[in-house]
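Asks: My questions will all concern the structure given below.
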Amino acid sequence: MAEESEHTAAPATGESLLDKIADKLHGHGHDSSSSSDSDSDTKESSSIKDTSSIKDKVFRLFGREKPVHSVLGGGKPADVLLWRNKKISASVLAVATAVWIFFELLEYHLLTLVGHILILLLAVLFLWSNAHTFIHKAPPRIPVVHLSEEPFLQFASALTIELNRGFAALHAIGSGRDLKTFLIVIVSTWILSIVGSWVNFLTLFYIVFVLLHTVPVIYDKYEDKIDPLAEKGLIEFKKQYAVFDEKVLSKIPKGPLKGKLA
């Protein structure tokens, strides 16, 4: 009987050892599979990050990183330029068009218009003030107009700051530090002078005003199609500029302040 019990205990212990080994192997396999799953997850997350970084590096016109609404300054002016409120935008454009037609096509002068408006207002107020006794109505209460100095001082301060920035920019351009910027400004001024010989200031202002109310909204709507075309154009421009720089600009002597400032 003792021998039989020993024989039965031996296989039981053997089976228990086999079960432990199997459990360990199963646990190791589970750990390896979980580690492989975690590796795959990390690879997928890294690939997602890479694709998102690639999307973030999409070329945008003028190197902008903000939406068009933020680039235009945000707020109500940007809403008007992007036609977020179509009634207000259409009204502003209609008023500008009416002013341009009134002064340009009908050839009405500003001083004449101001004079006629003042004559009409003063005549109506005078007649109303003196005719109340005949029509038995109370005389009109004409408010006293008093302008505050603060808005004008703020406007003058802001204008002074911008003028100083403009003078500093002109000084930097004319000193010969950046030949590329100098040529761009010269060509832009030359083009502006040619356009100015074709149209007067009011027509030019109206054209710019209309462009401000049409180009941003078109770009905001079709920016995904415009940006690739702009990128191709910019690459081609850089190639042509590199050739022009190598053949022409590199042979032009730099300004006298170049060495001193460096």
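Here the Cβ of each residue, glycine as well, is placed from N, Cα and C on the backbone.
Caution: TrEMBL annotation is automatic and unverified by curators.
Quick paste of what TrEMBL says about this protein:
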| type | residues | note |
| --- | --- | --- |
| REGION | 25-49 | region 'Disordered' |
| COMPBIAS | 40-49 | compositional bias 'Basic and acidic residues' |
| DOMAIN | 77-262 | domain 'Reticulon' |
| TRANSMEM | 88-103 | transmembrane segment |
| TRANSMEM | 109-128 | transmembrane segment |
| TRANSMEM | 182-212 | transmembrane segment |
Asks: Below 8 angstroms Cβ to Cβ, which residues of this chain, lying six or more residues outside the transmembrane segment (88-103), approach it?
Replies: 79-81, 109-110, 113, 202-203, 206, 209-210, 213
Asks: With Cβ-Cβ distances below 8 Å as the criterion, list the same-chain residues six or more beyond the ends of the transmembrane segment (182-212) that contact it, or say none.
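Replies: 81, 93, 96-97, 100, 103-104, 173-174, 176, 249.
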